[in-house]
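Input: a single structure, listed below in structure tokens.
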Amino acid sequence: MAIHFLSADHRHLGLDVVARLGAAAPQLGPDLLAAPLGLRGALVLSTCNRLSFLVDTDEEAPGPQGGGGAAAPARMGPPVLTDAVAGLLAERAGLPVGDLRLEGSSGQEAYRELFATACGLRSMVVGERQIAGQLRRAQRTAAAEGTLSTPIIRAVERASVVSRRVAGETALAGRGRSVVAVGLDLAGSHLPALSQCRVLLVGTGSYAGAAVGALRERGAGRIGVYSTTDRARAFAQERGLRAVPPGGLREALSRADLVLTCRGLGAPVLTTGLMSGLEPARHGARVVLDLALTRDVEPEVADLPGVIHLDLDHVQASVPQAAGQEVDSAWRIVEEELADFERSLAGRCMGPVIAGLRSRVARAVEEEVVRLRPAGTAAAGGPRDHGGSGPGRERAAGSGPEPEAGPGSEPMIPLAQAEQALHRLAARLLHRPTVQARRAGEAGQQEAYREALALVIGSDVVQANIDKADMT
């Protein structure tokens with residue numbers, strides 16, 4: 001397998017293009033797996049400033065079709081895969097195929113990019129914590145869609161560990177390090193203290209909860225919430241807000257000093273027609289802060305008298321510089337976790353070899369167990385139970401009278417005890433080779449271990465499992 005991390009980033013494409021791509025993200029994971037890309041798994045991460053893909057590929061992927069129409073196997077390297085995904089995404093988003101360029105990385109660099117993204121180092125506001133929740137939701141979505149693979153699960157779980165370490169061991173994610181916080185600081189520069197303002201929250205999406213927390217940190221107490229879905233009432237009750245009833249949006253807009261939108265459903269909810277002719281704002285201007293990637297507010301609203309329209313472009317231009325020392329500390333954690341993660345992956349790659357060794361020993365033990373059984377019972381029964389008790393074990397012990405020791409001979413033990421002793425001995429003998437196999441993998445000495453094992457027990461055990469080890 002091979003892991004790749006692909007991204008459409010606001011730094012290279014601009015927020016408008018990223019917004020169009022984000023609108024095409026629903027159900028993209030299953031479509032990626034269905035495409036002839038040789039993918040075993042895919043996770044789609046959509047944020048306010050980027051659209052990223054973590055994909056797990058086969059060693060071989062279908063190449064161009066020949067004259068007979070059969071797909072010829074061809075290794076799909078990172079550039080080919082990146083271009084193929086970009087083409088599929090551009091077609092879904094209605095962009096010219098060939099014009100869209102994704103940033104792509106593979107292997108160690110892919111894990112590094114994933115970890116850096118998870119802890120906010122690649123965010124518009126460096127260090128923001130919302131990305132951690134977005135990654136968890138992306139994993140749940142991929143699980144529900146059936147697009148997760150074991151390597152992707154392991155990578156995302158370690159990325160979450162990195163995120164928690166950066167949050168706990170650095171001050172990178174301190175107050176003000178979020179898109180919501182920067183946006184509210186901008187809005188606040190046009191308003192009196194938020195404790196004196198009426199706030200209307202439009203939308204109950206992923207940013208809405210963070211927005212409520214940030215508003216209350218700044219003293220806002222009169223907060224209403226409106227949603228075009230049925231979620232406004234439950235959202236308001238959970239947080240002690242006032243729910244705006246259906247049909248009450250225009251009245252709520254007239255009363256609001258600050259309007260904050262975070263729906264991002266692809267179509268503006270605040271149009272010029274809706275915003276025109278509202279009652280004058282109490283504090284001179286009504287501030288409309290649009291935090292949705294796919295705009296919730298028509299751009300022409302900015303031209304209306306008495307309205308100050310702020311969006312993600314304004315936020316992007318106003319992001320405070322992160323402290324260099326905290327960024328360096330975060331990157332140090334990323335590199336530490338990356339090195340440890342790669343060691344653990346290398347240790348896991350010895351799993352099939354260990355399984356082959358255990359299987360070889362288990363067969364030898366079973367052969368000896370058969371030889372111990374009384375004549376005529378060696379072939380009786382189904383698969384052997386290697387535990388210490390159970391019906392199968394009782395039948396084995398009770399298949400005939402236990403032999404008695406003759407005069408002057410050593411005491412005889414029951415057959416079941418003999419079998420247990422053989423299995424315990426096998427487990428003890430296998431313990432150290434198993435531990436050493438994992439250590440060899442973590443140290444990058446897989447080949448040396450395989451060669452040594454082949455000398456000791458024969459090359460057949462190693463060769464039968466070496467291909468599996470290379471693919472895990």
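Placed from the backbone N, Cα and C atoms, the Cβ positions cover glycine too.
Quick look at what TrEMBL lists:
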DOMAIN    7-170  domain 'Glutamyl-tRNA reductase N-terminal'
BINDING   Thr47, Cys48, Asn49, Arg50, Ser123, Glu128, Arg129, Gln130, Gln134  substrate binding site
ACT_SITE  Cys48  active site, nucleophile
DOMAIN    186-316  domain 'Quinate/shikimate 5-dehydrogenase/glutamyl-tRNA reductase'
BINDING   Gly203, Thr204, Gly205, Ser206, Tyr207, Ala208  NADP(+) binding site
DOMAIN    330-373  domain 'Tetrapyrrole biosynthesis glutamyl-tRNA reductase dimerisation'
COMPBIAS  383-396  compositional bias 'Basic and acidic residues'
COMPBIAS  397-412  compositional bias 'Low complexity'
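Recorded features from TrEMBL, shown on the structure.
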residue: Thr47; record: substrate binding site; CB count, 10 Å: 23
residue: Cys48; record: active site, nucleophile; CB count, 10 Å: 28
residue: Asn49; record: substrate binding site; CB count, 10 Å: 24
residue: Ser123; record: substrate binding site; CB count, 10 Å: 24
residue: Gln134; record: substrate binding site; CB count, 10 Å: 18
residue: Gly203; record: NADP(+) binding site; CB count, 10 Å: 26
residue: Thr204; record: NADP(+) binding site; CB count, 10 Å: 23
residue: Gly205; record: NADP(+) binding site; CB count, 10 Å: 18
residue: Tyr207; record: NADP(+) binding site; CB count, 10 Å: 26
residue: Ala208; record: NADP(+) binding site; CB count, 10 Å: 24
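Recorded residues Tyr207 (NADP(+) binding site) and Gln134 (substrate binding site) have their alpha carbons 10 Å apart, per Cα-Cα distance. Under 8 Å, Cβ to Cβ, and six or more positions away along its own chain, Arg129 (substrate binding site) finds Gly120, Ala167, Ala173, Arg177, Ser178. Proximity note: of the listed recorded positions (Cys48, Gly203, Thr204, Gly205, Ala208), Cys48 have a CA within 10 Å of the CA of Ser123 (substrate binding site), given in sequence order. In this structure, the C-alpha atom of Gln134 (substrate binding site) lies 13 angstrom from that of Ala208 (NADP(+) binding site). Each residue contributes its Cα atom, and for Gly203 (NADP(+) binding site) and Asn49 (substrate binding site) these two points are 19 Å apart. In sequence order, Gly120, Met124, Val125, Ile131, Val179 are the residues of the same chain, not among Thr47, Cys48, Asn49, Arg50, Ser123, Glu128, Arg129, Gln130, Gln134, whose CB sits within 8 A of the CB centroid for the substrate site. Taken through DSSP, the domain 'Quinate/shikimate 5-dehydrogenase/glutamyl-tRNA reductase' (186-316) splits into 48 helix, 27 strand, 56 coil. If you measure from the Cα atom of Thr47 (substrate binding site) to that of Gly205 (NADP(+) binding site), you get 12 Å. Geometry remark: Cys48 (active site, nucleophile) versus Gly205 (NADP(+) binding site), CA distance 12 Å. Here the domain 'Tetrapyrrole biosynthesis glutamyl-tRNA reductase dimerisation' (330-373) has, by DSSP, the following mix of helix, strand and coil residues: 41 helix, 0 strand, 3 coil.
Taken together, the residues in the domain 'Quinate/shikimate 5-dehydrogenase/glutamyl-tRNA reductase' (186-316) have a mean pLDDT of 89 on the 0 to 100 scale.
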